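Enquirer: What follows is a single structure, and I will ask about it in a moment.
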Amino acid sequence: MDVLAEEFGNLTPEQLAAPIPTVEEKWRLLPAFLKVKGLVKQHIDSFNYFINVEIKKIMKANEKVTSDADPMWYLKYLNIYVGLPDVEESFNVTRPVSPHECRLRDMTYSAPITVDIEYTRGSQRIIRNALPIGRMPIMLRSSNCVLTGKTPAEFAKLNECPLDPGGYFIVKGVEKVILIQEQLSKNRIIVEADRKGAVGASVTSSTHEKKSRTNMAVKQGRFYLRHNTLSEDIPIVIIFKAMGVESDQEIVQMIGTEEHVMAAFGPSLEECQKAQIFTQMQALKYIGNKVRRQRMWGGGPKKTKIEEARELLASTILTHVPVKEFNFRAKCIYTAVMVRRVILAQGDNKVDDRDYYGNKRLELAGQLLSLLFEDLFKKFNSEMKKIADQVIPKQRAAQFDVVKHMRQDQITNGMVNAISTGNWSLKRFKMDRQGVTQVLSRLSYISALGMMTRISSQFEKTRKVSGPRSLQPSQWGMLCPSDTPEGEACGLVKNLALMTHITTDMEDGPIVKLASNLGVEDVNLLCGEELSYPNVFLVFLNGNILGVIRDHKKLVNTFRLMRRAGYINEFVSISTNLTDRCVYISSDGGRLCRPYIIVKKQKPAVTNKHMEELAQGYRNFEDFLHESLVEYLDVNEENDCNIALYEHTINKDTTHLEIEPFTLLGVCAGLIPYPHHNQSPRNTYQCAMGKQAMGTIGYNQRNRIDTLMYLLAYPQKPMVKTKTIELIEFEKLPAGQNATVAVMSYSGYDIEDALVLNKASLDRGFGRCLVYKNAKCTLKRYTNQTFDKVMGPMLDAATRKPIWRHEILDADGICSPGEKVENKQVLVNKSMPTVTQIPLEGSNVPQQPQYKDVPITYKGATDSYIEKVMISSNAEDAFLIKMLLRQTRRPEIGDKFSSRHGQKGVCGLIVPQEDMPFCDSGICPDIIMNPHGFPSRMTVGKLIELLAGKAGVLDGRFHYGTAFGGSKVKDVCEDLVRHGYNYLGKDYVTSGITGEPLEAYIYFGPVYYQKLKHMVLDKMHARARGPRAVLTRQPTEGRSRDGGLRLGEMERDCLIGYGASMLLLERLMISSDAFEVDVCGQCGLLGYSGWCHYCKSSCHVSSLRIPYACKLLFQELQSMNIIPRLKLSKYNE
């Protein structure tokens, strides 16, 4: 009851007396949903499905390996399993391994894949169980992971953070995420117009065996089928005849009996007449002549052209429509529907929208890995077949034992390479994708979470097309409208909203049964004419025609009832399309859906009673689904529904109610307080900056050794929270600090969004951060029995103390923790042998191996401290030494800060506290912000955040700034007045310099500020003299190499425009790469040391200064037989 009292404690009597009975607590469905589904659950579900179901299907599809050499020999897979992650300690000794150990030791977190097989050896049949064939990288928190089902205490034992989302892989010690990939949906007819306005239809078919794309094109009013196995387009009527529909009347019946449809199809019939094709055989022969010859490796019996054409029609064109024993009925009707759609679209231009989100499917880690594994498994089997074909004929003495020839590393390396490089190239499917995986960004907790919900669409970033980039209305509630990067990837990289779920594939057997029980007439029993009756609807299941139905409304309503009662899977969707007169049932994976509350008789089905039961733990989210209180809708089904946002907007047509409006936004946008008061681009900027804010990354951050880790010294919870912040537990791992802000102008150092910071706050640790870097080194063994070793420090001859470079080394030659390390000092004094290969026979072998020093040195402008040193070994049995280096940095001028409203600014001035203005309660602001940042940016949310934060501090409680809700400004201001502050949040402020009161009241209060990772120390760069490149003798480039600043083409043009020719000469030659050359005045070629090799004389040689790069160019041109000649003339002639 206390919880309820707190919840209702802040309501006024008027609100309590309001007549509408609202389910106030319905947002509690959210934590229940996230408990079941979670933000990363889609990755994990899909991987679990792959490991437990899909992998067995792949094995079933390729279960037998036979050999042409010996018909008696075979190998058959009986079962396949993926084990638990382990590591091989020594030969054949394995032990379970934790993810953290894999991170530290640079190993892959993977589990063995084992199979049960049955095979023949000689004349006996052998069954072997649990035979390993490779290793599978395991996704963290999946069903095969060590972490699954553990309590927080056990997490701590395993050095894992309980808040870490999981859903990524650890490959060679690096955390890798497989991004969600966005595709056009498979097996669906898409009608579109090309650039010239000609309408065509296309289907991308995909089954386990084949993927292919079939197009329907219109040329001069005639219809053609286009496919890349055919050398030219084939008239559609010939295709129908080849499929066994020989009578023209029947063809017309299938396509449509309406006037305009028959008129449009006429020319195609005439064309077939001209080609003199009437029977199925003639048509097949015609197609057989047009088939592209495929060069097959296997000999195999040659097929006739007619057989080849039949095979092609049955298995390659429209692959996903099944053809049993050459019964082409279903495929005919499918083709007819394609033609019909094109004809109908020509008249009133009803083409499909490629960017409509119901036509999209999202591929998750499980689907991508199953494609990859299938490819590798097929390769593995074909290798075995090759070996069998080679070995069986040879050795008749010994029996051929296939187990000895199984190569385990093939599947392992294939998986590891694909995940670590991100290149998915499968030759079978002509699939070649780059950048499928990315390194999990560990800048902050939010950046890791945001990466798990990211969607990457395979679209060229360089093309400036607005279609795929714009925000589609069909993305409402499924994708976050704010969270997309700026620049070239804008709108192509998207993020999931908070409650989105991505479906996985499910069995469609029960659906087919249910549909036929509800009166769907089977497609094989149709004559075709039914398709054009006005009241007959076609029924599609996952893109295949199931049949037709007369009363489609009854079908749809009964289907939904059955789904709500739990007889069918809750993620199956059914939707009607009135323009095409179709009912679509989908049960395939990769559809986006989200839960809604069902509305019955203008009242939501969920009542306060249900919510109390949920709060007390009697019910979980599943119960809401089974009792038909809540259901999932996908994008297509949302079009049939009428969804109310709030309960007071429910009318008689409403079918569903939104659970909470703020779930429209994703994870990153959910952190913003009052985002509905901000201008839209500001929220987008904050989504990008929230991922760069430093804070905490997990409870195990002190045990990790990452390449680069930024931590805030004193992170704080934000004073103004949102519901999202609580749901994703951001307040346990925050990134930022509550700063007291005065909005006023102070000195001239705060123009252009610069901030003025209080020096005393910095001294007390405001914005102070720790930067951790790592250095690592491996000690290898070499083939000739030599190995790397670590030498002790070198001692000075006179003082017997280590020399300066080795000052921090212990006696074992590795730096000791806690020492301060300066630039160019040695961290590990490693030396490696000069000869690492086995020397050739007969050459004189040096007895004692010679060693050369290859020390690991510290490179960095500022000093660091050694936090810890870890000594271990990696998977290749090499010694592995990792050092963690720490720097503590306080904010300085030029460091970047930002509030949660996309208002970024650099620190412009640090002022001692005695010069800062203060209010009459003696509070000095931490930050002074220029008021000019507000008017043009229109971030009213920031103003409200300051008010709510101030009221919260005075009351000692957190306020909510949730999107489309949150604490009301009126209530917050009344709280301020109650504590004796101004209603408007303004204070009377005294100047710190003159001691007189300022002439205006100052808006003053706490705002949550984030420190971003861009610090001046890492970016500052200048150079006077320094290293030069060897080849061109010009200064190197880049800050890390201490490079110069380039004067480029545009700067050169500018100087030419000013006519400053001597400055040009000085910048481009004298300060860069001036060089003295000798030139022969007679032939114009370069001479060397005063002698022209071409003229064989030194009479005309004179010396000039030209850039070295220019000399290099001349010589490179000469080597290609192009001769540049320098013409010299005396300047006074």
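Just so it is clear, glycine is given a Cβ too, placed from its N, Cα and C backbone atoms.
Pasting the relevant annotations from Swiss-Prot:
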type    : residues                                                : note
BINDING : LYS186, ARG213, GLN438, GLN692, LYS896, LYS904, LYS1019 : RNA binding site
BINDING : ARG195, ASP432                                          : DNA nontemplate strand binding site
BINDING : ASP753                                                  : Mg(2+) binding site
BINDING : ARG1039, SER1040, ARG1046                               : DNA template strand binding site
BINDING : CYS1080, CYS1083, CYS1092, CYS1095                      : Zn(2+) binding site
ZN_FING : 1080-1095                                               : zinc finger
Enquirer: Report, in whole Å, the straight Cα-to-Cα distance of ARG213 (RNA binding site) from ARG195 (DNA nontemplate strand binding site).
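Expert: Between the alpha carbons of ARG195 (DNA nontemplate strand binding site) and ARG213 (RNA binding site) there are 20 Å.
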Enquirer: Nearest by CA distance to LYS904 (RNA binding site): which of the binding-site residues is it, out of ARG1039, CYS1083, CYS1092, CYS1095?
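Expert: Among ARG1039, CYS1083, CYS1092, CYS1095, ARG1039.
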Enquirer: Given the model, what does the mean pLDDT over the zinc finger (1080-1095) come out as?
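Expert: Computed over the zinc finger (1080-1095), the mean pLDDT is 87 on the 0 to 100 scale.
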Enquirer: Sort the binding-site residues LYS896, SER1040, ARG1046 by C-alpha distance from CYS1080 (Zn(2+) binding site) and give me just the closest.
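Expert: With Cα distances computed to CYS1080 (Zn(2+) binding site), the winner among LYS896, SER1040, ARG1046 is ARG1046.
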Enquirer: Binding-site residues LYS896, ARG1039, CYS1083, CYS1092: which have a Cα within 10 Å of ASP432 (DNA nontemplate strand binding site)?
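Expert: Near ASP432 (DNA nontemplate strand binding site), where near means Cα within 10 Å, there are no binding-site residues at all.
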Enquirer: Quick check: in three-state DSSP terms, what is CYS1080 (Zn(2+) binding site)?
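Expert: In three-state terms, CYS1080 (Zn(2+) binding site) counts as strand.
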Enquirer: Expressed to the nearest Å, what is the distance separating ARG1039 (DNA template strand binding site) and LYS896 (RNA binding site) at their Cα atoms?
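Expert: Roughly 20 Å, rounded to the nearest whole number.
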Enquirer: Taking every protein chain in this structure into account, which of the binding-site residues GLN438, GLN692, SER1040 has the most other Cβ atoms within 10 Å of its Cβ?
Expert: GLN692
Enquirer: According to DSSP, which kind of secondary structure is LYS1019 (RNA binding site) found in, if we only use helix, strand and coil?
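Expert: DSSP assigns LYS1019 (RNA binding site) to helix.
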Enquirer: Hey, how far is LYS896 (RNA binding site) from ASP753 (Mg(2+) binding site), Cα to Cα, in Å?
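Expert: Given the Cα positions, LYS896 (RNA binding site) is 11 Å from ASP753 (Mg(2+) binding site).
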Enquirer: By the DSSP assignment reduced to helix, strand and coil, which category contains ASP432 (DNA nontemplate strand binding site)?
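Expert: DSSP assigns ASP432 (DNA nontemplate strand binding site) to strand.
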Enquirer: Can you tell me how far the Cα of LYS1019 (RNA binding site) sits from the Cα of ASP753 (Mg(2+) binding site), in Å?
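Expert: Roughly 20 Å, rounded to the nearest whole number.
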Enquirer: Measuring Cα to Cα, how many angstrom lie between ARG213 (RNA binding site) and SER1040 (DNA template strand binding site)?
Expert: 49
